[in-house]
Each structure stands twice: as C-alpha cells, then as structure tokens.
Amino acid sequence: HRDYEIVLEGGSSSWGKVKARAKVNVPPASPLLPADCNVKLNVKPLDPAKGFVRISAVFESIVDSTKNKLTIEADIANETKERRISVGEGMVSVGGFSHSFSFEGSVVNMFYYRSDAVRRNVPNPIYRQGRQFHDILMKVPLDNNDLIDTWEGTVRAIGSTGTFNDWIRDFWFIGPAFTALNEGGQRISRIEVNGLNTESGPKGPVGVSRWRFSHGGSGMVDSISRWAELFPFDKLNRPAQVEAGFRSDSQGIEVKVDGEFPGVSVDAGGGLRRILNHPLIPLVHHGMVGKFNNFNVDAQLKVVLPKGYKVRYAAPQYRSQNLEEYRWSGGAYARWVEHVCKGGVGQFEVLYAQ
C-alpha cells in the first residue's frame, strides 16, 4: 500500500514538500536479513551563484542487531564548468568501533543517456555516472594481507554457497534497467554472476569481479540522478532537507520519506508549471526485487496546489478534486503505477496554472 503527497508553493516557485509512505510486500534483496535504515540530508546554500553548498548527512542502519552510523559534512562548489570540488569530514561507527576521517576531492560531471520522456521533464540536467551497470568490471587493489584474506574468503564463501545463485536466479529485479535494456536492444535475461576471481598485477594481486545484470542494473544510478533533479542548485535559495526511513524483513520493505525540495516543479511555458516527477519514481528506481508477473500495487496520490491554481492537464487523469486538492487512485493511475514498477518510463504529466 502506498500514499504519496505533493504540496506546491505559489507563484513561480519551484519548491514543494513531498511525503511518501509505502509498504512493498516483496522479498527484500537480502531475504534473510532484517534491516533498519534512516537517512537525514540537509543541503544549505552558501553562495548559490557558484553552486556553493554545504551538505550534512546522517545515515544510520541496524543490520543483524549491529548499529552502523555514517555522519558527513561537506562543502561543495563549482571549480570550473566541468568540475566540482568537495571538502569535508565525517565519522563512521560500527557497533562499538568508530573512526573519524576528512576528505578533499573533485568530481568531473559525467553524462549518460536518458530516454526522451525523462529529457522532456528536465531541460538541462547534469547526470552522474555511466548509462547503466551492465557487465561491470571492478578492480580493487589488494595491497595488504588482511584485504587479500578477506577477498579470498569472500570468493570461497560465494563459490561454496549453493543458495546464493538459487535465490538470485529466482527473483526479478524490477527497475528502470528493464527499459534501458530494451532501448539498448539487449535481450532481458536473468541475473548471472559470471565469476569472482583474483588476478596478479604489477603491485600484487588485484581483485576482479565481473557481473552481468538483467534488470536490476541501472536502478541505483537512475535513482540518484532522479533525486538530484529535486535539488537544482540555482533554485536553492534556502535550506532543503529530506528525512527517510527504510525497514526490511522477510515480509517486504516499508518506506517513509519526508522532504522539502527546491525542484518539485518546473516552468512549462505559457504560464503553466509541470510537476517534475511522482515520488514513486525515485523510490522504485532504486531497483525493487519481486516476482515479475506477480506484482500488484495499491497506491494513491494527493497533490495540493497553491491557492487559486488549477490542474490544466493530467496524465494519468485524477480521480477527484476539492478546491486546490487533487487525488489520484485506481483506474488509469493504478495501471500507470504498475507500468512504472515493472520498469516502464511512465511519463507523469501534470500541468497546473492560475
């Protein structure tokens, strides 16, 4: 069952509040491992003209009764048009162990292919990462004995666990890579782990892992870029924040998200504004796991427009209206939700004006 709510600000403001409550009755990615995870993220403008922001984040998780926490505060600014620089510090704790660290680095903005439906929503996006995680080749230098032992232990454990491949083969990853693979003309097949092995390099052994994904691949990258769309730096004239909680157990996954974002709507020309996307989309695009055909969704959406505004066009069509409050449920909306959950691009087109 899912409830979503979007409350929009008036005038030409792109800001809005987003609330999502979802209970997904599918086995989580780690079927036997109950997990709790809480995320708090604050983004504060320091000099919007230079894209200069301060990000504070706290990630807490409890997995198998062990509490893990990661705290980060970082200042990020544009160094050049192509490069952003980041300086920050943080602390990681696992159970009774904690470790403080600081970091400094730069990132080059990279671009990856997006479908026309997404491109229509976002005129000038900056994308992160490659197009999709398909046939990843990951090299990790193993430069001390502890790392080598850990790596070899992992390889042995995976190689000797009969159930590992069984449960992975038995589930479909439901996410946007379904579409990405179709667009790329690739056949959709089940997940295969091609192999994990160790090869020698000039400075000692190098861990190499080659994975082939079917449709779980691009979920996380796509999700991150979708969340990033909600944080356009040029509209960040006050602090933005998001608080989220994820609970998973053998019954499924429960999600709670509350956020105030600067990029909930965009100017669509002619006095119209477009709601950028449905809260379902970034959640689903983490790549959900479930039996592909056995998937039904009970979802509803509430959109609250600024006073005096009206919806001028809606696809899927809304079910009811009371002044500035519009509600979607069942019918075309339910079919649209199921389409998105099964990896469809799922264009969500809601235009509003005074």
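Just so you know, glycine gets a Cβ as well, placed from its N, Cα and C.
According to Swiss-Prot, the protein carries these features:
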| type | residues | note |
| --- | --- | --- |
| BINDING | H99 | bacteriochlorophyll a 1 binding site |
| BINDING | H134 | bacteriochlorophyll a 6 binding site |
| BINDING | H278 | bacteriochlorophyll a 4 binding site |
| BINDING | H285 | bacteriochlorophyll a 7 binding site |
| BINDING | H286 | bacteriochlorophyll a 3 binding site |
Cα-Cα distance linking the residue listed as 'bacteriochlorophyll a 1 binding site' and H278 (bacteriochlorophyll a 4 binding site), given in Å to the nearest integer: 38
Three-state secondary structure, which DSSP defines for the residue listed as 'bacteriochlorophyll a 1 binding site': strand
